[in-house]
Amino acid sequence: MTKAELRKVYLEKRKQLPENTINELSKKIAHLFFLQFNPTENQNIHCFIPIKKFKEVNTLPLIESCFSKKINVFVPKIIDTEMIAIELKENTQLSENKWGILEPSENTPANITHFDYIVTPLLYCDDKGNRVGYGKGFYDELFRTMPSTTKKIGVNFFSPLENIDDLRNEDISLDYLITPSEILSF
């Protein structure tokens, strides 16, 4: 299937999930993340804040666990056509942007050149780690700037079933995919 077809199919699949199921599955994903990677104090994690209307994996339990373990959390913010990373603290003020995405109110980039982990939103991931996002290429660009030691981790409610027919050379694959029931390594 093409990326456009996969986007449509998997957006529709997510739409069918009730909120309580999303929260339950998201907690399982967060649990598997900590079980597999066991991040430690002062490590840096870049993690998206979920878009509720798109029924993304709820990363808030993962983020809250990071706070309690003193792991540095950074979240994306889109300014014009660029995605920057802003450090998220427990008291950071969040506001909804024009797309309905919660993000920090401030616009000061974190000036960080290395993340230990990047928890990545996606609509679909195949069995080789190729992801289908929303089509803007923000995460491919972020991945390009990171050292090879950064773990690129996708989170999804669904396991890989389909191949992606229209991969591009500039697409950068993930290192791991975490679903509620498994962790795939690529």
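Any Cβ shown, glycine's included, is placed from N, Cα and C.
The ATP binding site annotation in TrEMBL covers LYS3, ALA4, GLU5, LEU6, ARG7, ARG131, VAL132, GLY133, TYR134, GLY135, LYS136, GLY137, PHE138, TYR139. DSSP gives GLU5 (ATP binding site) a helix state.
Counting every protein chain shown, the Cβ of ILE49 (substrate binding site) has 20 other Cβ atoms within 10 Å. According to TrEMBL, the feature substrate binding site maps to ILE49, GLU56.
Distance from the CA of TYR134 (ATP binding site) to the CA of GLU56 (substrate binding site) is 12 Å. When Cα-Cα distances from ILE49 (substrate binding site) are compared across the binding-site residues LYS3, GLU5, VAL132, the shortest belongs to VAL132.
Annotation for LYS3 (ATP binding site): spatial neighbours VAL132, GLY135, ILE164, ASP166, criterion Cβ-Cβ under 8 Å with sequence separation of six or more. Largest CA to CA distance in the ATP binding set (LYS3, ALA4, GLU5, LEU6, ARG7, ARG131, VAL132, GLY133, TYR134, GLY135, LYS136, GLY137, PHE138, TYR139): 20 Å, whole number.
Most other Cβ atoms within 10 A: among the binding-site residues ARG7, LYS136, that distinction falls to ARG7.
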